[in-house]
């Protein structure tokens, strides 16, 4: 069947327009927004939130001028003049001092009522594979501070007394002073810290038996420049948009487009146009997801080679499928058989690796149960639709076969 000229022209215009929209600078929201610790108001620290953009010099002095002698040596012996102090998120204030031998003293403070407070160090801004220092006071008022290894998003995967923070021999300390909790520890790093992804979180419920952490009430991830005392806020909405676009493209639209030619070929040429339009829409969304992923990789320096590599591979397969649309031979061409084989199996490969990459992305991002349930729901719906359509297809073939005359014979080919 020849492809109508108007359809090919319309498709080319649609693809070109969408590509222009995607690469336009207004579509790509900046991944980070630098926030210098320069303030111009006198907002006091309360049980609510205090942002780094509204503290003022007087307010900053109030936050950072606290005498730390109550922490005891060596943390209480350090002069506040030597320590860099920066409000970093909500009521969290970060103090630190980095020596020439790369030993860093870190003191984190925050408003505290119950539960726990933690600070984590990440390689790529994500929870998975990070290490964190967490402090709290239990119901009996006993102080507790431990290092945790964040192996996964579930509470059972947050492992106490494990981690990769290079703590030295100085014991960490957690203390209450007024309405604030203070976590203090020292670590000797291999090199001086510059820009470093940091995770911050708190929970209002106490850790359970064997020091297992309860679920956080709130969390954030920031890139903190220890050389400039500046915060680069990670735009978590960009990661979410990357995941949503990928999920819509490879979890919903492209599988739906692949179902059309298998079960609607008796509706010719409707099935063909539906298949082409749906797959082009899925391709555009998948391409947008890849472009956002590339920007996230460049801005966050995320070390996720498997997810990134599979994403690029799937994009190449998708581009080959788009090229195949424009190079589709006529039905009577001797190459049509090979084209059908190529189009079918490359499409199946793209769908398989696209689905695999969704699972890897959810796992690496520590996205939580909501994303897993959502993708599981899409898979279940897709499987149910396939089962229903396959059943109707079998019934239709049996009905057509039963309607043939008794003396009808099929010619052998």
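From the backbone N, Cα and C atoms, a Cβ is placed for every residue, glycine too.
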(request) Check each of the ranges 190-216, 271-297 against TrEMBL and return the one annotated as transmembrane segment. (result) 271-297
(message) Can you tell me which parts of the same chain pack against the transmembrane segment (373-395), counting only residues 6+ beyond its ends and a CB-CB cutoff under 8 A?
(response) 247, 251-252, 255-256, 259, 262-263, 355, 358-359, 362
(message) Is it possible to list how many residues within the domain 'DOMON' (90-203) are helical, extended or coil according to DSSP?
(response) 3 helix, 65 strand, 46 coil
